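In TrEMBL this protein carries:
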type: ACT_SITE; residues: Asp49; note: active site
type: ACT_SITE; residues: Cys52; note: active site, nucleophile
type: SITE; residues: Glu237; note: site 'Linear diubiquitin binding'
type: ACT_SITE; residues: His262; note: active site
Amino acid sequence: YKLSVSPEMDIMEYCRKEWRGNTPAAKRIRKGYEAVALKFASIRRIRGDNYCAFRATLFQALSQATQLPRWLQSEDFTMLPENLLSKYDWIKQWQLRQKPGKRMGEISDEIKEYLILLRKKWKNISEIKGPLEKQEACDKLFKNEEEEYSLYEALKFLMLNTAIELYNADKSGRRVPVFSWLLFARDTSPNPCQLMHNHLNHIGHSGGLEQVEMFLLAYALQYTIQVYRLYKYSTDEFITLYPNDPEEDWPMVTLITEDDRHYNIPVRMCQETML
């Protein structure tokens, strides 16, 4: 059994263990880790199984949560599957994890359960006052495979909902963020239906999140995702924000990647940084 989120380890110790070589690439990554170590003391490795972007983002969001986000509080939040299905018949082809071929009537109920679970876990964890107890609750949640993967299904569905909202906004002439054009400019996702078929249905199975989908995840959660992209050290893209023009009131989570495919998380902010 693999841990979803490994215990924390000193960030430079981790770097020395993983990046011993003297190639230009290894040197750049080491420099990147040194820069991260000015802000964070430790790193926690995230299990790599094509869900790692979800896992890293959600773990960070929950471990910092002090309240339930507004969008999770809304009355019709759990009605989302029914509401979307009544308008878009093609959502019946949504691919549930390890449950191919389920009829959408059942899938609708199941996704509703996942959304309820997401709200419940977020609420419970955000109400825990002590940082240690909060961390323990997060660790416990991410050791429960059944619940953990149910939460990722909820996130995927929220991404689909956000994509539909953006697509419709653009079609009706309202302003949309630039990434939304890029998302629907791909041959494989000219509309939300194709996005579901060719991308969202595959996340966690045969692929992870692409760059443009990191923006979509950020919008779905209304969180800014800050990523240290170590292989981009000493370029403008070393620290990338999704979205790059975040809303003032969105909370921020921080991730680390060496290759834009796998994500780990930095933890334990250095004292100076906090001040």
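Cβ from N, Cα, C; glycine included.
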Ten-angstrom check, please: count other Cβ atoms within 10 Å of the Cβ of Asp49 (active site), all chains counted. 14
Calculate the distance in Å between the alpha carbons (Cα) of the residue listed as 'active site, nucleophile' and His262 (active site), and round it to a whole number. 6
Once the chains shown are all counted, how many other Cβ atoms turn up within 10 Å of the Cβ of the residue listed as 'active site, nucleophile'? 23
